[in-house]
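Asks: Sharing a structure, written as structure tokens. Questions coming.
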């Protein structure tokens, strides 16, 4: 069973429609840890030692966040700056995160069709989040394709319910389905959503 | 008895040191402790002190003079000016009405009108010493009732002067003013031989002298003395100032207490106010204590046992009549019920001036010893009863106002159950409350300042009046259904009391407590309070950060440093709490502070990691890259 850490970063959860529903759907599972960064560090004063211990004690890291200006919220950047220390996460002796799997769970306002080379945004979401991808690579982690909820502005109540259920299934799948969850099979898909649909159709409704 | 000074001092001090802590423990206040100590060592019980009691009392009355100086220091002229209406109106009417009522009663009992008027005027006075000390000890001096009581006392102090002037005229012989009086209150006038217009001029001159002298001479003088950096010299100067003014006022026939009060007011704005206050304070305290002991020792139990009914009747009648007049006047001056009760419960005794006035009246031949002796006993007893009356007011009368007000608006209890109770709405509690209100969190407020309660109620807040450490009041404020108790009281003792009450009766409440320093923050943590906020920490850190900035640190660096330091500081506190053994409780507060500070500084040294943020520090990375490239460091 994979020990899963959900690192959550949302500066205004009270204004959020989608992420709030996703959080409500979080399953209570042994070995699944939910960690709300903005709740823990409202003044951006991150307890580095605590965060490092948390990373060390989990196998799969899920970073859940809304997309703002094609990037992550600022506290997540601060967290990367301070927690991923040289000599611990990277560098000659930086081995602490080696082999851990990591993927983003990103909520995006625009529709999926715009995040293509031909579309309005001119790049894929994975392109936009390349700095994160490369960071995890420098930390010797396995970067998996992101789980993306596109078009959040257009989601109606039924969509929200469906997204929440799907998110719960994802977490259960990651937590249970394969022991440990082997991400390498997902690598050939553009998003975790597609990977899940192809690899584990039985968990999808 | 052994008359040696040291033996006397030993007896008085021992009595005080034993009796006062016991009285305080029992919640009776220090004044009653001193009085009881006086009774015990007095001629009618142990007999350690005897006839000299009266001399001691005259000496100790200087404590009253000092007390008024200190009171004056705390009273800025503008505040005094605002009090002019209660002083002249409430105070004037109280003296006038009470004098007339007692004089009328005396005449009804067959006294000559001269005797009746003398007694009436004397009985209209109250005890400045006992009342101010008791009110200050209970923190009631700043309330509206406390201010009114103070205003009345101030007027009485002024009224003594014409009374002393009037007594000789009341005497059957109506002859010369007394020159043979040495109590320092009046009458030892150097100017008695002057014509009246010159006397008036001398009095005005003396008052003007105090104001001018205080304003233009005392400050530079004190500044010069302060620059010598000899602490005892400053104390000497403070004493010199008080004694000098007392002498000057006696010389022109004014009350020394009034003179020093005036000097205090003049100096209230000066930068040396706090130094003067803290220098005079111990002398004031000791002399007042001595004074109260002397009052206790002077109670004539022989006479009391000889005529118990007469004395008891006198005491009850005096207190009841004065109480009724005070309460009525306070109400007619638009004081609320509870504040009127405070005024009436504070002032119904007869004051220490009565001893002076009665003995003066006897010397002048206005009154006979047969008349004054029972009255003096009644006066002393009425003084001794004052602290008890205040305890009754505090325990049984004031609580009724709080709950009655709550009962009068039962809808409160139904229409909303506020999850947050805030106890104490001073600047600290008010800031918390305003923040919560601005963010639509409904709160219930408990406060003991009736003015503030009225204001907040007018603004539509749900406010309860009363002492929150009473669990029934907490219950009526909705503590059963609340989730959070915010304690923002202004002393550690009150805070701890409330914590105990809440933990005992409402264990479901999460307590957020304001603390003052390390000491009581630790006490609160040990008492099981999880959320403890030392009131000065955040402000001090913010100031420290700005000092760092001025010293060249970048703003964000300074901010990070304070965040890290705060974290470290909180951690140190919890570690200290765990390590501190119970023996520390026996250390004095000051010793504990030093010991704590030592621990803290050691912890700061040990935690060398206070400047971390290594993720932004490329040193180790640069070193690694240079090594790989074969460059030397």
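Just so you know, glycine gets a Cβ as well, placed from its N, Cα and C.
These numbers come from a predicted model, not from an experiment.
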Asks: When you get a sec, could you say which of B:231-252, B:341-362 is annotated transmembrane segment by TrEMBL?
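Replies: So the range that TrEMBL calls transmembrane segment is B:341-362.
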Asks: Would the transmembrane segment (B:309-329) and the transmembrane segment (B:6-24) count as touching if the test is at least 3 Cβ pairs under 8 Å, pairs 6 or more apart?
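Replies: Contact between the transmembrane segment (B:6-24) and the transmembrane segment (B:309-329): absent, because fewer than 3 Cβ pairs are under 8 Å.
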Asks: When only pairs 6 or more apart in sequence are counted, do the transmembrane segment (B:87-110) and the transmembrane segment (B:116-136) reach 3 or more Cβ pairs under 8 Å?
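Replies: Counting Cβ pairs under 8 Å (6 or more apart in sequence), the transmembrane segment (B:87-110) reaches the transmembrane segment (B:116-136), since there are 3 or more.
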Asks: Looking at the transmembrane segment (B:56-75) and the transmembrane segment (B:284-303), are there 3+ C-beta pairs under 8 A, with each pair at least 6 apart in sequence?
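Replies: Output yes: the transmembrane segment (B:56-75) sits against the transmembrane segment (B:284-303).
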Asks: With CB pairs under 8 Å as the measure, which of the listed stretches B:116-136, B:197-218, B:374-392 comes out on top against the transmembrane segment (B:341-362)?
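Replies: Most Cβ pairs under 8 Å with the transmembrane segment (B:341-362) come from B:116-136.
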Asks: Please report, as numbers and ranges, the same-chain residues at least 6 past the borders of the transmembrane segment (B:6-24) whose CB is under 8 Å from any CB of it.
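Replies: For the transmembrane segment (B:6-24), the far contacts come to 30, 32-34, 36-38, 40-41, 48-49, 52, 56, 289-290, 293.
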Asks: Can you tell me which recorded stretch out of B:31-50, B:116-136, B:254-272, B:284-303, B:374-392 has the most Cβ pairs within less than 8 Å of the transmembrane segment (B:197-218)?
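Replies: Stretch with maximum Cβ contacts: B:254-272.
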Asks: State, in range form, which of B:31-50, B:284-303, B:374-392 has the highest count of Cβ pairs under 8 Å to the transmembrane segment (B:116-136).
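Replies: Out of the listed stretches, B:374-392 contacts the transmembrane segment (B:116-136) most.
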